[in-house]
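Features reported for this protein in Swiss-Prot:
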BINDING   658-665, 1296-1303  ATP binding site
COMPBIAS  881-897  compositional bias 'Polar residues'
COMPBIAS  904-919  compositional bias 'Basic and acidic residues'
DOMAIN    623-846  domain 'ABC transporter 1'
DOMAIN    945-1215  domain 'ABC transmembrane type-1 2'
DOMAIN    1262-1496  domain 'ABC transporter 2'
TRANSMEM  11-31  transmembrane segment
TRANSMEM  102-122  transmembrane segment
TRANSMEM  131-151  transmembrane segment
TRANSMEM  171-191  transmembrane segment
TRANSMEM  313-333  transmembrane segment
TRANSMEM  421-441  transmembrane segment
TRANSMEM  447-467  transmembrane segment
TRANSMEM  940-960  transmembrane segment
TRANSMEM  980-1000  transmembrane segment
TRANSMEM  1055-1077  transmembrane segment
TRANSMEM  1149-1169  transmembrane segment
TRANSMEM  1174-1194  transmembrane segment
Amino acid sequence: MPHFPNLPLPEAAAAAAHAALLALALLLLLLRSARALASRCASCLKTAPRRAAAVDGGLAAASSVGAWYRAALACCGYALLAQVAALSYEVAVAGSHVAVEALLLPAVQALAWAALLALAMQARAVGWGRFPVLVRVWWVVSFVLCVGIAYDDTRHLMGDDDDDEVDYAHMVANFASAPALGFLCLVGVMGSTGVELEFTDDDSSVHEPLLLGGQRRDADEEPGCLRVTPYGDAGIVSLATLSWLSPLLSVGAQRPLELADIPLMAHKDRAKSCYKAMSSHYERQRMERPGSEPSLAWAILKSFWREAAINGAFAAVNTIVSYVGPYLISYFVDYLSGKIEFPHEGYILASVFFVAKLLETLTARQWYLGVDVMGIHVKSGLTAMVYRKGLRLSNSSRQSHTSGEIVNYMAVDVQRVGDYAWYFHDIWMLPLQIILALAILYKNVGIAMVSTLVATVLSIAASVPVAKLQEHYQDKLMASKDERMRKTSECLKNMRILKLQAWEDRYRLKLEEMRNVECKWLRWALYSQAAVTFVFWSSPIFVAVITFGTCILLGGELTAGGVLSALATFRILQEPLRNFPDLISMIAQTRVSLDRLSHFLQQEELPDDATITVPHGSTDKAININDATFSWNPSSPTPTLSGINLSVVRGMRVAVCGVIGSGKSSLLSSILGEIPKLCGQVRISGSAAYVPQTAWIQSGNIEENILFGSPMDKQRYKRVIEACSLKKDLQLLQYGDQTIIGDRGINLSGGQKQRVQLARALYQDADIYLLDDPFSAVDAHTGSELFREYILTALASKTVIYVTHQIEFLPAADLILVLKDGHITQAGKYDDLLQAGTDFNALVCAHKEAIETMEFSEDSDEDTVSSVPIKRLTPSVSNIDNLKNKVSNNEKPSSTRGIKEKKKKPEERKKKRSVQEEERERGRVSLQVYLSYMGEAYKGTLIPLIILAQTMFQVLQIASNWWMAWANPQTEGDAPKTDSVVLLVVYMSLAFGSSLFVFVRSLLVATFGLATAQKLFVKMLRCVFRAPMSFFDTTPSGRILNRVSVDQSVVDLDIAFRLGGFASTTIQLLGIVAVMSKVTWQVLILIVPMAVACMWMQRYYIASSRELTRILSVQKSPVIHLFSESIAGAATIRGFGQEKRFMKRNLYLLDCFARPLFSSLAAIEWLCLRMELLSTFVFAFCMAILVSFPPGTIEPSMAGLAVTYGLNLNARMSRWILSFCKLENRIISVERIYQYCKLPSEAPLIIENSRPSSSWPENGNIELVDLKVRYKDDLPLVLHGISCIFPGGKKIGIVGRTGSGKSTLIQALFRLIEPTGGKVIIDDVDISRIGLHDLRSRLSIIPQDPTLFEGTIRMNLDPLEECTDQEIWEALEKCQLGEVIRSKDEKLDSPVLENGDNWSVGQRQLIALGRALLKQAKILVLDEATASVDTATDNLIQKIIRSEFKDCTVCTIAHRIPTVIDSDLVLVLSDGKIAEFDTPQRLLEDKSSMFMQLVSEYSTRSSCI
């Protein structure tokens, strides 16, 4: 800083500051000019079009300027005029004898204000949205200096310094400029110029320049494209002041932010870079030390050590400068006592205080932002590693880790490891802080500081058992949370079956029981933390008492300055000591999470050599399996498949058949490499496509599911739609192939999902197609059409292996494999196997028995749809590409209707979605959310008690510090004001009393938080379980899981403590202001405008921060959903070789999540920096006032106490605003939970005054009266006035084409969908007038998709625990599973894995039949219940139903005609209307009936047998 001799210190400081700022402005101007010159030189090498683009990308002229901008210019001009007038007056009065010193200040200020005016005027010309940072800082500094000089001039006028000559001209100019400078200070804080801009492109963002305007979008970037965050390329000043974030906050202050407003992460900060770095270091350890487990912590440290080192440097500087204030307090008190060592000592001390606090503020913000960025890197990299592992898990590993657990690894464990970045440097900072504290204490209390060291070590040692206790509680808490999340995920995925079976209350109670267990461990963890808080709040007091007591016992002399210096040191040391339990707890939590993640990452993967893949065409054998044995459980004595030898020539069609549980699906899995291979070899030639038996559909639209990552080829896409019989379905769907099909394809029927799967496989144009029973879910006509168009035509030149239970599809195969008990018992062509007899003959005979039941005229073929038997079909086309002519010739003008939606405008398509966008509030969080939360537990009575406890703590703390400052002598040699014993006793009483109130407050907050969290969880859970099925159809399960996991965890562990922390910080801040104002009331002059400025900045910040947090919550759901979805479909993803694409998608979603997270964290630091800078200037003002008082005017000990508290003003001020902002951000989780607490509910489960009799329904008579159903109010009717009667005790078959309304009718019967009109009457009871539980518990259903819950066979058959073991065994025997279950070691307690993966689809269906047998309902509904079993098993199930449900009303939806041919009545639906309803015999007599056509199609398809 320049030096100006012979000037009073305030004037000299002002002149020096203006000169320095003017020099900095000129330097930046020169640098910018040089940069512009270099840019122009570089642009000469670019093409003319690029230059033209750069010109076109410029800004238009400002359309208008605001009143504030004009006022700012006027104030600058006014200040310049005042300084010029003062300078002219000095020259005019003194003439040639004028002193240089007298002209120096007005001359420098005149030059400075001229420069400021020029820069401010340039804002309109250049189009700045915000004033440059330097200009704004200049205005603020000028106002502070003006206030300081005005105070000094006031002392002159009051006669404090009679010997000094008063410069009245400068005094008048300074006073006259004060209002203008005050206004400019306010404008500088706000920053906005008020200039409204019109851009030539779509970019409407406002940028904040450093000096001469920020750079707009690069000229070569497309208009409207997302820019990379300027964080990595920002200059030093922009980085130090975090001004690079101001453009985003400016946009957020004008309108709610959207994801598109948030800049992209820099390449080095993206998930891909983090994942590559961590994964490479982790794998390197694995290779270098093959016998030992790699260290995940070491891989993280190796990947990000540079960031950790930079953060460590900032942390070290911050720690050192934070002790400057406590070190200098004793000198400051001595100065106020009259002990002046050198001239201007007071101002120099004040300047050192100010610079130290300034450095502390700047380094803290860089340090905190650095650890935030490092945490994002760690979380992104770890999440990607967990996701990649989830895609590669072997079957045994997959069984030990459910999808819910894997999601929890990502949602909880990865989060904790990332959060540890905040605590990483505390390990070495604590010893450094202790060393610095001991050095200061040695200066003040001498050798007594040894006792400080001992007391500190004892305090730290006391944490060791606490750490073990915390680790134990964390283990238990995480285990219970895993269990709850696993069961929650399972319930959400299977909510339909829970509602159909009236089990939702039972499973909800199970979840609440699990939550109670979780709360037990949570309660212990939080209450133990409250005890730890008491211990560590008491530790600094304990250390202070020991230190002062030892000093007195050793005969040392305590002074007010020494005591205040020690207290300030203890206060700083208190932070790391108070955070030490958090550090211990975080280390314990991180260690647990690292162990869990390491254990997961070490799990066995699918071996790369499970199958040997060679290029297509390199051999004529497409698939070759030699002497192979496979087992899903390698430790089982009985392998799943054994002695498998199979050779498939390229282009061959191979059919696989056999009874349920024979190993058909496992054979396909062995070719894919999914099932562990015990011996032998599997070799495939070329790429493969896999269609599983249970459809796996992503939650995107139909088009995205079919393309599956491949580029769009419109002609090929149309041919695929045609081959998969999807054209009519897409025409019927309101939004065509742009329909969002919901979580797991829930908005499509079973047949539609299967055909979308087939289309996905066909579009990939693979070499080998593995199809697992693809035709079971479609009707006979669609199945026949699919087989002809798909397998015989589109895949004519491909190698196809298809599993089927439908015998009619076997004759067309080149090779038929018959499986039984895991062995290929027969292999050959159809006719050869028929002649051989045995197992294959049994399957065919069962099929013929079913066909023989259909007695109708042989000549009916002539009157129905003609169709060539499949066996005699000779493919006339070689592959899908040859379908082109067929599609083109048959295409009608409406054929593209189903796929034309993509041409509509994005805003139109956004409205046309079957899945709701995630609800997101906008604007401020409602006060009602806070009030509702605070009143949730104990009716809010704990809130005033918490405030009272915190107030008492603050009062007692201030009292204890005041006592020590007052009771001790001011300087050495003065007599003490009280006895040393009284001194210590009073201090200990006050200090320990304050820590006791902290303990009480912590207990109250923990109690309040637990009770509130539990109430909100139960309320949300009950509302979710009572939500209508349409909510689950349109809401991905990952989105709901996000509320019950992430948001609930925030409520459990954070919200209450944020609320308590805000109250605590508010009271502490009021205490600091009270102490400072008591000593120097002049501080209130700046406190009030500072508070106004803080509130304005808080509102400016919170407008963006609130939306960033909401965007963050919304962006979290897709990450969780992709996890769940990918893990469920991992086999399909691997079967298509799509692991890389899904990994890329995961990395993209992680970046979408990281963008708002990074901006949100940076915004916090942006606000904190400005808050702390303001409070630092207030502290400096206070110091300047104190040093300006003549000696003896103020009591030194009280002034020292004010400084001691003032040292914490910046931290408390920023923490106050920050705590409120974080509370507002976190309270969004409460807001999101309340959204789910207000979900629309289904009808009541029980209506007490309208309950049916216990024996209802007695007859099972069902009457449909003008039944009309639509799925949404804005959608067309699905059922159009259905009226018919299903007589009680009769067997009703319900048939129709795909999409005819069969499943909708069943949903209306169970009231999953409430009718739009009409009614359903069962035994004279209108079902709309009784409770849902009364209705659904009296009906029974075997659904199309068999659902098993994780647990045991017993639990799946009898979840309500109403049946005896004997009754369960009888049901198992009747459904032909008794022998299978008895062969298991655990019998009825045999385990069922997630989704029933360890049981075949057919076995799952039989278990569902067992449920129906145990329920013994009078009405039974079968919704495609036998689609996944072979014909023999189908016949068996039908016999069981005829015998066991002979007196029941049985409604059967089926695509297999033999399943319904022996029904008493057949209902034929078409387009939601009744086409026919009569006995099968009468319908068959009418050759033109639709039922006759369906039977004819099925018979024709089967006529080759």
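Using the three backbone atoms N, Cα and C, a Cβ is placed for every residue, glycine included.
Here the transmembrane segment (421-441) has Cβ contacts under 8 Å with residues 308, 311-312, 315-316, 319-320, 323, 326-327, 371-372, 374-375, 378, 448-449, 452-453, 456, 460, 547, 565-566, 569-570, 572-573, 576, 579-580, 582-583, 586-587 of the same chain, all six or more residues outside its ends. Just so you know, the Cβ of S1300 (ATP binding site) picks up 23 other Cβ atoms within 10 Å once every protein chain is counted. Mapped onto three states, the DSSP output places G1296 (ATP binding site) in strand. Averaged across the domain 'ABC transporter 2' (1262-1496), the predicted model reaches a pLDDT of 86. Secondary structure at S662 (ATP binding site), taken from DSSP and collapsed to helix, strand or coil, is coil. Other Cβ atoms within 10 Å of the Cβ of T1298 (ATP binding site), summed over all protein chains shown, number 23. Beyond the transmembrane segment (171-191), the same-chain residues lying 6 or more positions past its ends with a Cβ under 8 Å from any Cβ of the stretch are 68, 71-72, 75-76, 78-79, 82-83, 85-86, 106, 130-131, 135-140, 142-144, 146-147, 149-150, 153, 156-157, 208, 246, 1089, 1093, 1096-1097, 1100, 1170, 1174.
Of all Cβ atoms in the shown protein chains, 24 besides its own fall within 10 Å of the Cβ of K1302 (ATP binding site). The 10 Å shell around the Cβ of K664 (ATP binding site) contains 26 further Cβ atoms across the protein chains shown.
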